[in-house]
Amino acid sequence: MSLMHADQSTSRRPAATAAVMGWLLVATLPGIATLTWHFGWGVLTNVACAAALGVGLEAAMLRLRRRPVAPTLADNSALVAGVLLGASLPPGSAWWLILIGMVAAVVVAKQLYGGLGHNPFNPAMVGYALLLVSFPVPMSLWAAPTGLVGPEALTLGEVLRQFAGLVPTETLDALSGATPLDAFKHKPAGVMAAEFWAGSPLPEGALSAWHQVALAWLAGGLLLLYKRIIGWQIPIAMLATLTLVAALFYGASPSHQGSPLFHLLGGAAVFGAFFIATDPVSAATSRRGKLLYGAGIGALVMLIRPLGAYPDAVAFAVLLMNFAVPLIDYYTEPRVYGHAAARRGIKAEAGEDGR
Amino acid sequence: MAERLDFPGGITPPTRKARSTQAPLREAPLPSRVVLPLAQHAGAPAEPCVEVGQRVRTGEPIARAVGLVSADVHASVTGRVAAIEERPLHDGGRGPCVVIEGEGEDDWWPLPPLDWRTADEASLLARLDGSGVVGLGGAAFPTQVKARIRELHEVDTLVVNAAECEPYISADDLTLRHHAAEVLEGARMMARLAGASRLLVGIEDDKPEARQALEAAIATSRDDEPPIELRVIATRYPSGGERQLIKRLLGREVPSGGLPADVGAHCHNPGTLRAALLAVRDGRPLVDRVVTLTGEALARPGNVVARLGTPIAELLATAGLDASRLHRLVMGGPMMGRALGELALPVIKATNCLIAATREELPDPPPEQPCIRCGACEEACPAILLPQQLYWFARGQEHDKAERFHLFDCIECGACDYVCPSHIPLVQYFRAEKDAIRARRREAARADHARHRFEFRQARLAREEAEKQARRAARKEAATRGGRRHAGEGQAAEPATDLRSLRIAQTAAKAAERKAEKALARAAESGEDDPAVIADLETQLATARENLKAAEARLQAARDAEENAP
């Protein structure tokens with residue numbers, strides 16, 4: 001066994017789990033900053049509350065499970081789950097919504113399965129999917145891109161009132177605007193795509209705001225790739241498949257379907273590809289497995305968006321592919337040195353072949 | 001080229017070799033007392049052939065090899081045998097050792113020099129056998145056993161493994177700087193024994209001095225056969241792994257569970273080649289070796305030629321050990337070596353490097369954290385395994401799955417440990433899992449062995465019966481023939497069974513015998529150190545031989561009957 005460790009050498013990839021998670025947090029900064037710039041203080045209250053709840057709930061669960069609290073918290077993974085869920089929720093979500101989401105993510109999806117490294121499902125997406133299914137109204141009230149400092153921007157005080165749950169839903173509804181994917185999905189069937197865009201049903205600047213947010217996530221994702229914290233396989237496979245399937249839909253019916261670019265940049269695809277699908281714990285593990293896993297997510301997203309009931313589908317696609325991970329792992333083992341070919345899957349009777 | 005001429009993965013840790021390569025190779029002072037373990041090689045421990053109180057000279061055999069895989073041990077100083085007793089060994093256990101109290105003189109026990117170019121192969125092999133030469137790269141596999149490769153395999157290329165990829169170690173580097181010509185001559189000798197027509201030297205590019213020495217030695221021996229080709233490869237751990245080097249130099253992949261000879265290659269470490277040459281050319285058995293002394297706790301690091309059996313403490317003292325700074329003592333390299341519990345242990349044939357490390361240099365690993373399946377280990381694995389999955393199976397005691405995911409193709413190089421961000425000692429888990437699986441197999445093997453013994457008994461009884469029948473038939477035949485002479489026309493002897501099926505049975509029995517022989521030879525060659533396995537294979541071979549004898553007796557009887565029939 002090795003007595004030396006990579007922390008003794010200067011490599012690009014961080015050598016400790018805490019540092020891996022730390023870099024992940026750093027990589028979310030451009031995305032969160034851009035979201036905040038366009039959608040106001042509500043993004044920051046989301047992220048701060050979710051992160052604090054993540055750490056608090058993890059600490060409480062570790063104590064209940066009689067595990068060492070401080071060293072485990074120091075791996076920063078709870079913080080990451082909080083930040084990712086916080087960044088996914090509609091800006092200015094009420095505290096109880098965030099709490100329910102984080103309980104589902106940290107307590108149920110992560111700690112009840114045995115903590116970091118043992119969860120078969122992506123914790124942040126379990127929380128998100130639960131909220132999306134259980135609380136469709138607050139989850140669809142996405143704030144209009146009024147900006148952080150613009151004339152229509154909400155002040156921090158107003159956002160805190162929203163956060164405290166003191167603003168009635170009707171008022172919130174008035175303040176919110178649909179996301180581009182949502183609006184496009186719910187356009188009347190008779191309306192052509194060109195008419196839809198000409199009618200400009202979206203709040204002013206919404207589409208470009210979403211594009212900028214997607215590009216900011218992309219910047220963070222490239223940082224993760226450069227630091228070798230994530231492999232290229234999952235994001236590239238996911239985005240490529242998504243583009244391909246979107247192109248097929250678009251090619252079949254350009255008058256009614258969104259363009260591939262719209263699907264790439266209009267929703268959570270980039271964020272999902274670099275920050276959600278790449279969660280190594282719940283993703284497939286071999287390199288070829290990662291390609292399959294990413295492709296599966298991309299395809300599912302693009303099947304659910306036009307055909308399913310939800311305008312965006314990254315959470316469901318990731319969770320569905322999480323189910324498939326053990327199967328993918330068995331069937332994508334690489335060809336091991338000294339073996340003529342890779343074996344596929346597990347035979348019912350392992351037999352006595354091999355050594 | 002379709003096949004990539006390289007192995008995947010690998011790591012580039014800091015090499016930390018410069019500390020021990022500044023000083024030239026030097027001779028360590030003659031120890032006053034040596035401790036020579038009888039099991040310092042792969043295979044069975046040697047059997048002592050001296051008595052307490054007996055005077056022995058340097059180079060005199062003190063223990064003889066036992067069984068198929070084993071090696072002789074020789075006195076490394078001149079003096080009296082002070083004790084033959086159990087003493088602590090490097091693996092933490094205890095084992096028999098011969099202790100020699102030196103006289104301070106170095107009186108050699110001479111062996112006649114041999115010319116390897118003219119001597120016949122049998123005497124060369126016998127000399128290697130009698131000189132206790134083993135692989136000096138760390139595995140200590142008996143060289144003589146390895147040199148018999150030709151009996152079973154076609155070898156076309158002999159590879160001199162001068163990669164020395166593990167950090168800290170520079171014993172091969174210094175050996176080459178000082179003795180490149182002898183190493184190459186040894187390589188030619190071993191190439192002759194292996195029947196190899198091609199000689200490749202693989203060296204990493206961080207050893208320019210050794211490389212120059214090799215180039216000079218190759219230039220001066222240009223006319224000798226076979227020609228030597230020097231290949232400089234980029235420094236990357238573990239390119240000195242036999243399988244990795246063969247892949248990198250020849251583009252061939254050693255099959256899983258097989259030997260390099262299965263793809264026509266044969267690897268030797270430079271130190272081993274020189275030791276083999278000295279044993280043959282100068283009649284000098286293996287009594288010393290080059291040891292790298294390094295680590296921050298040493299004031300004068302470097303490489304020394306040390307007599308086997310020298311206490312490590314004595315050797316480190318000559319290099320200026322600061323005991324207060326010593327945090328960890330490692331034999332071998334930091335990746336695959338083992339931490340030694342005490343300084344009193346002796347230098348053995350496998351001691352290529354001793355690292356006296358300070359706490360800052362090789363710190364205690366931080367606590368293990370959960371695996372997040374980040375895949376860093378997978379990228380580093382030179383065997384293309386999925387260490388993260390194997391770890392999972394090892395922890396869950398899922399033996400079948402661990403085997404199915406090729407646990408036994410792990411070469412335990414430690415590259416995964418090195419990169420793991422959760423500081424999981426993966427190789428430790430893999431070793432424990434391999435042990436658990438082997439224990440399970442031993443259970444199964446015991447049951448098989450009982451069955452094989454029963455089969456042997458059955459075969460022996462059948463053979464005796466067949467021979468008895470044959471004798472009886474012969475007697476009867478002789479009697480009828482005699483009677484026929486007198487009585488003229490006799491009754492026709494009936495051929496007992498038809499000859500054809502007996503011939504087939506005999507051929508099949510012969511094939512079975514050959515198969516059993518091969519299995520035994522292969523086990524011996526691959527260094528099978530479990531005597532139960534060898535015993536079982538021997539039983540199976542004996543059974544096959546009994547069956548063959550029985551078949552031959554039956555066939556012979558039938559032939560006789562045929563011949564004598566009208």
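Placement of Cβ uses the backbone N, Cα and C atoms for every residue, glycine included.
Feature annotations, courtesy of TrEMBL:
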REGION    B:1-29  region 'Disordered'
DOMAIN    B:358-389  domain '4Fe-4S ferredoxin-type'
BINDING   B:C371, B:C374, B:C377, B:C420  [4Fe-4S] cluster 1 binding site
BINDING   B:C381, B:C410, B:C413, B:C416  [4Fe-4S] cluster 2 binding site
DOMAIN    B:401-430  domain '4Fe-4S ferredoxin-type'
REGION    B:465-497  region 'Disordered'
COMPBIAS  B:465-479  compositional bias 'Basic and acidic residues'
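When Cα-Cα distances from B:C420 ([4Fe-4S] cluster 1 binding site) are compared across the binding-site residues B:C381, B:C410, B:C413, the shortest belongs to B:C381. For the recorded [4Fe-4S] cluster 1 site, residues B:C371, B:C374, B:C377, B:C420 set the reference point as the centre of their Cβ atoms, and the other residues of that chain within 8 Å of it by Cβ are B:I372, B:R373, B:G375, B:A376, B:P387, B:Q388, B:Y391, B:C416, B:V419, B:P421, B:S422, B:I424, B:L426.
In sequence order, B:P387, B:Q388, B:Y391, B:A415, B:C416, B:V419, B:C420, B:L426 constitute the residues six or more apart from B:C377 ([4Fe-4S] cluster 1 binding site) in its chain with CB-CB distances below 8 Å. Distance between Cα atoms for B:C413 ([4Fe-4S] cluster 2 binding site) and B:C371 ([4Fe-4S] cluster 1 binding site): 19 Å, as a whole number. Within the chain carrying the domain '4Fe-4S ferredoxin-type' (B:358-389), a Cβ under 8 angstroms from the stretch's Cβ atoms is held by residues 7-11, 238, 241, 243-244, 295-297, 325-328, 330, 334, 405-407, 409-411, 413, 415-416, 418-426, 430, all 6 or more beyond its ends. Most Cβ neighbours within 10 Å, among the binding-site residues B:C371, B:C413, B:C416: B:C416 holds that distinction in the structure as shown. In the three-state DSSP reading, B:C377 ([4Fe-4S] cluster 1 binding site) counts as helix. B:C416 ([4Fe-4S] cluster 2 binding site) carries a helical DSSP state (H, G or I). Of all the Cβ atoms in the protein chains shown, 29 others lie within 10 Å of the Cβ of B:C420 ([4Fe-4S] cluster 1 binding site). Comparing B:C410 ([4Fe-4S] cluster 2 binding site) with B:C371 ([4Fe-4S] cluster 1 binding site), their Cα atoms are 19 Å apart once rounded. For B:C410 ([4Fe-4S] cluster 2 binding site), the Cβ neighbour count at a 10 Å cut-off comes to 23, with all displayed protein chains included. Compute the center of the Cβ atoms of B:C381, B:C410, B:C413, B:C416, which mark the site for [4Fe-4S] cluster 2; besides them, the chain residues with Cβ within 8 Å of that center are B:G9, B:C377, B:A380, B:P382, B:A383, B:L385, B:P387, B:I411, B:E412, B:G414, B:A415, B:L426, B:V427, B:F430.
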